[in-house]
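Working notes for the structure below.
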Amino acid sequence: MEEPREESEPLLSRARGGSGRPAGSAGSRGVRVGPGAASRQDLCFDQAAVFIEDAIQYRSINHRMDARSMWLYRLYYSNTFQWTLSLTIFLILLLAFIETPSSLTSTADVRFRSAPWDPPCGLTESVEALCLLVFVADVSVKSYLVGWAQFRKNPWLLAYLAVLVVSLADWIVSLSLVCQEPLRIRRLFRPFFLMQNSSMMKKTLKCIRSSLPEMASVVLLLALHLCVFTMLGMLVFTGEKQDDGQDRERLTYFRNLPEALTSLLVLLTTANNPDVMTPAYSKNRAYAIFFIVFTLIGSLFLMNLLTAIIYNQFRGYLMKSFQTSLFRRRLGARAAYEVLSSMSTWGEAHPRGVGVDPQDFLQVLQRVQLHSHQKPVIMEKVRSYGGDLLSAEEFQKLFNEFDKRVIKERPPRPEYRSPFLRSTQFLFSHRYFDYLGNLIALGNLVSISVFLVFDADVLPGDRDDFVLGILNCVFILYYVLELLLKAFALGLRRYLSYSSNVFDGLLTVVLLVLEISTLAVYRFPHPGWKPEMLGLLSLWDMARLVNMFIVFRFLRIIPSMKLMALVASTILDLIKNMRAFGGILVVVYYVFAILGINLFRGVVVAPGNGSLAPDNSSAPCGSFEQLEYWANNFDDFAAALITLWNVMVVNNWQVFLDAYRRFSGPWSKMYFVLWWLVSSVIWVNLFLALILENFLHKWDRRAHLQSLAGDPDTCCQVTVDLLFRDVLEEPTEEELLERLSCHPHLRLCR
């Protein structure tokens with residue numbers, strides 16, 4: 001495959017270190033003048049800008065570097081195209097709720113559900129075709145940018161192409177059968193589009209795959225534990241002479257080997273404890289030993305051992321991930337440095353030696369896509385070097401500035417000339433005024449709680465809301481006064497610079513609007529204040545809405561308590577940095593929901609309609625029918641998701657096992673047990689291990705975070721990778737140059 005002319009020439013032609021020609025000798029390209037030199041300089045600036053963008057975003061630099069390819073590369077990673085791609089992924093996943101079987105009904109209960117809307121053939125297929133065309137364009141652009149040689153070595157791109165081919169073929173089959181095909185294979189492959197678009201999800205899958213052997217060993221030990229105790233249980237509760245307790249235990253939980261195995265599997269999750277033990281234990285205390293020993297070994301030892309193994313395998317997972325990201329950043333920065341420093345070797349050697357001219361770097365930064373608050377800071381840092389060339393080490397250090405996502409100072413307080421105003425400003429900007437506000441909010445919450453307790457048995461229409469209405473008016477007036485006084489003391493801009501004040505003020509405005517609306521419709525509170533419903537909401541509904549916002553507003557106390565604020569910020573950071581694991585859960589849910597629809601759609605039928613289910617009056621206590629679990633079915637995608645969630649929580653999941661065994665056959669247990677293994681055993685333990693990893697690192701570095709923040713009047717948001725930067729190992733210059741020398745579209749001449 002012939003490369004473009006720009007790529008066929010060496011981009012970097014400077015000797016390094018002590019080898020090759022001295023730094024002061026002439027460059028290998030000779031003197032270049034005229035339009036060709038300007039064009040070459042412009043190309044180098046674009047190449048350096050792309051490398052810097054790759055470094056900032058932790059992207060691989062192994063892509064084409066000619067002018068046309070770089071234009072396409074930057075267009076591909078533009079916000080417009082990436083948002084379009086994300087929207088396309090969202091749309092194709094959303095189709096499962098709309099296409100047959102549609103989830104557009106008010107309830108999933110088979111007894112009350114109306115006939116779902118059946119979209120006409122070609123409607124959802126047209127949207128799906130547009131999405132697939134976007135994915136075809138996506139894989140085409142990616143394959144072109146990395147080159148055919150790299151494309152053949154990339155399993156994700158090859159799988160991307162294969163999934164698209166299968167999806168398009170299945171789409172054609174659907175249209176040819178007028179959307180009456182019994183199975184749509186392409187629905188199972190849709191989550192792949194989400195995975196291939198996230199590098200963190202790919203890394204997570206890779207780590208899960210590497211941990212499977214260790215997890216499989218514990219799962220096999222669990223299986224052995226189940227089998228041994230199942231056989232023991234069959235022997236203990238089956239005999240020639242049985243008393244009532246043994247007989248009830250046998251008939252209910254140990255009737256045969258599959259039933260006994262299922263009963264103990266459910267007991268492993270403690271979902272049927274102590275039900276499974278009660279018949280035998282009621283007859284003889286000694287039978288409790290069997291179940292206690294089983295639970296101790298299985299639930300307390302083996303299940304927790306599995307969590308420990310997963311944690312041990314993933315301990316340091318984030319470190320490895322950040323180490324890879326750090327290497328990509330350093331590699332991209334080094335590539336940009338090599339491109340810019342090579343420009344000094346085109347003509348006569350630079351009199352100041354080898355390095356990057358700050359003026360060249362400033363021109364490159366003008367082309368780099370940066371946040372508006374970052375570019376001035378970086379450019380000011382570069383100007384501080386004056387006319388001195390930037391060395392490779394100095395060039396790398398500049399990239400640490402990109403980690404400080406937001407560094408801004410609070411707007412200054414207003415300056416008042418009057419001594420009285422200055423004293424008032426000091427009073428209402430003091431932290432004790434915040435404490436007073438928190439105390440008032442607590443009193444408001446207590447008053448609402450008292451009225452909820454006293455009026456618990458009174459119908460909404462019979463309640464006298466006079467006292468509560470007066471209290472709400474008083475508290476809301478205080479909240480408004482507090483908002484105005486804080487804005488006066490801090491100044492509006494400084495007041496809005498605190499996110500806690502924005503949250504507080506927004507809820508105060510909402511409460512004020514609701515209270516004014518209530519007074520305008522139902523007049524001022526008075527004894528016996530129980531008017532008829534006027535407008536859209538009754539008085540009780542308006543008061544309830546106000547009280548809900550008041551309860552929500554009480555969260556303002558979180559920033560005032562340092563440890564609580566630290567925990568809350570840790571949780572927010574975890575949510576932001578756990579998107580990859582949330583994406584894995586979405587993929588697993590999606591695949592199992594589609595499988596569940598294909599396997600169990602229509603098997604749950606309400607009594608009286610040819611259903612296998614008995615009427616509620618004759619159903620055994622604790623059964624699917626007696627508990628009225630009719631909404632837990634796989635008749636549409638939304639219902640399947642809720643059913644899977646209820647099974648993942650494992651509370652009463654034995655009810656689902658029993659019901660679907662009766663409705664569809666004993667083989668259905670394999671589906672639910674597999675879902676339990678994937679969701680509750682593997683994914684939940686994985687999520688727990690990663691939360692521990694993140695939380696411990698964040699908790700141990702809370703002092704470091706405070707030192708980064710510096711002045712309390714300075715707002716500093718630090719990314720997680722910067723928080724862990726002090727424990728990461730910096731790549732050596734030899735490693736960077738060796739990796740650059742292997743670049744498929746970048747030749748280094750030494």
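Using the three backbone atoms N, Cα and C, a Cβ is placed for every residue, glycine included.
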TrEMBL annotation of transmembrane segment - which of the ranges 75-98, 123-146 it falls on: 75-98
Residue numbers, six or more beyond the limits of the transmembrane segment (672-692), whose CB comes under 8 Å of its CB atoms: 208, 215, 219, 265, 269, 303, 306-307, 310-311, 314-315, 317-318, 574, 578, 581, 584-585, 588, 592, 644, 647-648, 650, 653, 656-657, 660
Residues from the same chain, set at least six apart from the ends of the transmembrane segment (157-179), whose C-beta lies under 8 A from its own: 100, 121-122, 125, 128-129, 132, 135-136, 139, 142-143, 146, 151, 185-186, 189, 192-193, 196
Positions on the same chain near the transmembrane segment (466-485), where near means CB under 8 A and six or more residues out: 428, 433, 437, 440, 443-444, 447-448, 451, 504-505, 508-509, 511-512, 515, 518-519, 525-529, 543, 546-547, 550, 553
